[in-house]
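The next block holds one structure in the form of structure tokens; read it before the comments.
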Amino acid sequence: MDVRSIQYDSMRLASDKVRGDRVDMGMEGKTTLKQSEVEAIQYWVFEASTPSGLFGDEQSIEGMKDAYDIFLNDPGYEDYCLYNYPRNLSLVTENTTVECTAPLTPLLMYYASYWDPEAVAEVIEELKDPAKIEALNKIGVCANPQVFCPPEIVETFTPEEVFFAFSFGLKVQNITSTWDMKGDLIDNITQATELASYMVLVDVFAGVVDFGFDQTFSVANPASQYSRGILFWGGPYTNRNTSGLSEEEAKEARKADDDRLKNYILENYLEKMDKQSDPETHATLNSYYFMTAIIGDVILDIVTQDGLLALFSFAFVFCWIRLNTGSWFLAFVGFFEIFFSIPVAWFLFTVVFQIKYFSTLNTLALFIVAAIGADDIFIFMDAYKQSHVTENAKAAIEANNGEEMKRDRVSEFFRTKVSSFVQKPLNRLVLAVVFLSWVGVSIWQATKIEPTKENEQFLDENHPLQKSISILDKEFPTANDDIGMKVYYAWGLGLVDRTGVNRLLEPDNFGVPTFESNFDFNDQCQVELLSFSDRLKTDPKYRGLIKRKNGVGQVYSFIEELAAFNVYGNLNNCTEVKKGDWRNAAWQVDTADLPEMMPKFLEQKTCFADDGETVANKLDPFGRDSEFLTRQEYDQFILLAEEADELVSVHCSGSVVMTDLDEKFVFMNNQSIYVQTAIQSAILGVCIAFVVLLVSTRVFHIALFASLSITCVLISVVGTMVMMGWYLGSIESILIGIIAGFSVDYVVHLAYAYEIASGDTYERITEAFGDLGISVFNGMITSVVASIPLFFCQLQFFAKFGTFLCLTIAFSWIFANFGFMSLLAQLKIPLKEKGRGCRL
């Protein structure tokens, strides 16, 4: 099994078990203040329509402000926003006044409650000196006496440099302290933009401004074409004590809050948000949004709309069956057979085979059944018409003589026109040149296919939600306030026990978590954990790997807070915790004291974030990153784990478990598997098709030529995908793997019809086209037309599947009729008389 999946389940299941044990012991309950936790976040994403960018004119800035005013100007927003409580919650009383947390946006600067142009000009002038910027970046947060700075770094600069950095930091702090979005638009917006362009050059100040400007924004190019901002929604909506609540009851309480927020937004804000996003609303910018509270409903609506498109496919198939059978009764019977195949398959899937795992991709069965379900109806109907029937059956057919003659003319077209076209040597020569040229080009293009290097799109690129995601993914640098992906390093954790796990039959059974019995949390182990954490924060070689904030790597290690708690007895003063004066005391925890200390420690509000994690610089928990990007980051985190084993594990015993809990690394490996097995699956499909053809025809050269036709279809589809600009992602890999299965249908019918016919090669070709040419044509028409609704799906997998299905069916029909049959006509390999055994 894959190590990434094992480590992911090991960490996740162990966390769930510890959390469950704490609930059972009554240790997890606590009082959560009203609107003190993030209930949801909402992104606003803006795109400029003018070369001057979003911050080059007042009209654009005011247009962005309108998006936030939808909420900030509504008195009801205060009942749902995230409150900005003081750090020490014990000081909060009923009379304490708390305000909503300000949005995260550069508009805080442009709508500052106070703006001192002289002070700003002084700061800008100093930042124009590259030497001063270099000094500030060299010293970093060590200029702040309230932040711990490792001794080995302190020794690298002089007291004069520290004094300069400290005094300069006070100037910047005085300016930024009034950035609160409570004033009018400042008079000199150009000065504000210039200040931001210089502040992004300094690590400790970049985090104040870098979130809202795009990656091309700089001193040389102060025109940001894109901007973004976040509004924070809070919960719960009353003070909540979870003591005594079961896990299920706590989930229900959270769901009630989720539903309350969602309903309030849908009823009060959604129409205004859509109006703000209308391209006609603002002349100089486009606005996009997405919000975690309503994203589920948005996706559900998209899936529902896409699913309804299948009704067109079923309607067309029904009409086509009616047209070709000439009977309403047979059309209804055929349509019932197609439609009823779905519940029958569901019964076999869930009841007979007892498979409980159900993937969302299974919904494609609706389109597949509609597309290819009618093929067998046409085959059996034509076989019925051409078979020896009773006089009564003949009379029944003759009763509908007009339409029957029409169908005969179509069959006659394939028997005479198409058959004679294939039998002419000059036509076969032209076909050979065309096919060989096309296959050659397709092979050349297919060899150029590359794995995708970008995030895979979920929706159509023009959908507003997808546009906002694409802009966030491509147009912004990794900012201090970005939500990074959390990567966990855990000691004392064993690998999950997956004995007896079969997720097809038990999708909720992931295994049993295990713990290292020899884990030793001794004094030296604690020292090495703290040292390793400090190293990740300050070592420059991790700058591109670990997300930084104010010049320091974002590494959240529980050992810092546990040590501070052991010295101070609480974590109320985060300034003291981060300053690190507790390091001068005997901070190591006696393992004998842990059973008594841990319950009190876990009641404290963290000064950092969750325990034992680093934050990836280039990855985020949203969307699906490409295997190419994730692999680069993953390999570096693996090297970090190896360093951790060398430095820490030797003292703590046991190996470190490294994983994320967003399944990024698991998905990365799945993408790799898709890419590696795509062509393998396609080749295996061709081999299986050859065996099926050999068994059905019992003629080696027919099976070989038919397999060659399927191979040409495979090459043509892959080559066309490259020509269309597709890359090899998970969707494309899945589609390539099933090409052979889709392309075998038509050639196997013609091959079998040719094999059972009598006479020489030309006579067999004529009879094969006459018997099944119209049936294969009808199957192609229903499959192609039934795939057309998929082109209009907003979900990218459905849309790409529609293109794939249409290409596969079209190429299959062309190569079966004009490639496979022409090859038989050209080589004229005689067949032995019918009998038992293979007629090789």
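The chain as shown is numbered from 1 upward.
Here the Cβ of each residue, glycine as well, is placed from N, Cα and C on the backbone.
Note: TrEMBL annotation is automatic and uncurated.
For the transmembrane segment (288-321), the residues of the chain that approach it from at least six positions outside its boundaries are 39-47, 67, 233, 258, 261-262, 265-266, 270, 273, 276-277, 330-331, 334-335, 338-339, 363, 366-367, 370-371, 373-374, 377, 459, 464-465, 467-469, 471, 778, 781-782, 785-790, 792-795, 798, judged by C-beta separation under 8 angstroms. Residues or ranges marked as transmembrane segment in TrEMBL: 288-321 (among others).
Under the heading transmembrane segment, TrEMBL lists 328-349 (among others).
Residues or ranges marked as domain 'HMGCR/SNAP/NPC1-like sterol-sensing' by TrEMBL: 328-397.
The feature transmembrane segment is assigned by TrEMBL to 361-381 (among others).
According to TrEMBL, the feature transmembrane segment maps to 429-447 (among others). Note on the transmembrane segment (429-447): residues 712, 715-716, 718-720, 722-723, 815, 818-819, 822, 826 of its chain, located 6 or more positions outside it, place their CB under 8 angstroms from a CB of the stretch.
Residues or ranges marked as transmembrane segment by TrEMBL: 673-695 (among others). Residues 451, 627, 702-704, 706-707, 710-711, 714, 728-730, 732-734, 736-741, 744, 747-748, 751, 838 of the same chain sit 6 or more residues outside the transmembrane segment (673-695) yet have a Cβ under 8 Å from a Cβ within it.
The transmembrane segment annotation in TrEMBL covers 702-728 (among others). Note on the transmembrane segment (702-728): residues 435, 438-439, 441-446, 448-454, 675, 678, 682, 685-686, 689-690, 693-694, 736, 739-740, 743-744, 747-748, 751, 754-755, 800, 803-804, 807-808, 811-812, 815-816, 819-820, 823-824 of its chain, located 6 or more positions outside it, place their CB under 8 angstroms from a CB of the stretch.
Annotated transmembrane segment per TrEMBL: 734-757 (among others), in sequence order. Remote same-chain residues near the transmembrane segment (734-757) are listed as 361, 372, 375, 379, 674, 677-679, 681-682, 684-686, 688-689, 692-693, 696-699, 702-703, 705-706, 709-710, 713-714, 717-718, 728, 763-765, 767-769, 771-773, 775-776, 779-780, 800-801, 804-805, 808-809, 811-813, 815-817, 820-821, 824, 831, 834 (criterion: CB distance under 8 Å, separation of at least six residues from the stretch ends).
What TrEMBL lists as transmembrane segment is 769-792 (among others).
Residues or ranges marked as transmembrane segment by TrEMBL: 798-824 (among others). Residues 306, 364, 367-368, 371, 418, 422, 427-428, 431-432, 435, 460, 702, 705-706, 708-710, 712-713, 716-717, 720-721, 724, 726, 731-732, 735, 739, 742-747, 750-751, 754, 761, 764-765, 768-769, 773, 776-777, 780, 783-784, 787-792 of the same chain, all 6+ positions outside the transmembrane segment (798-824), place their C-beta atoms under 8 angstroms from a C-beta of that stretch.
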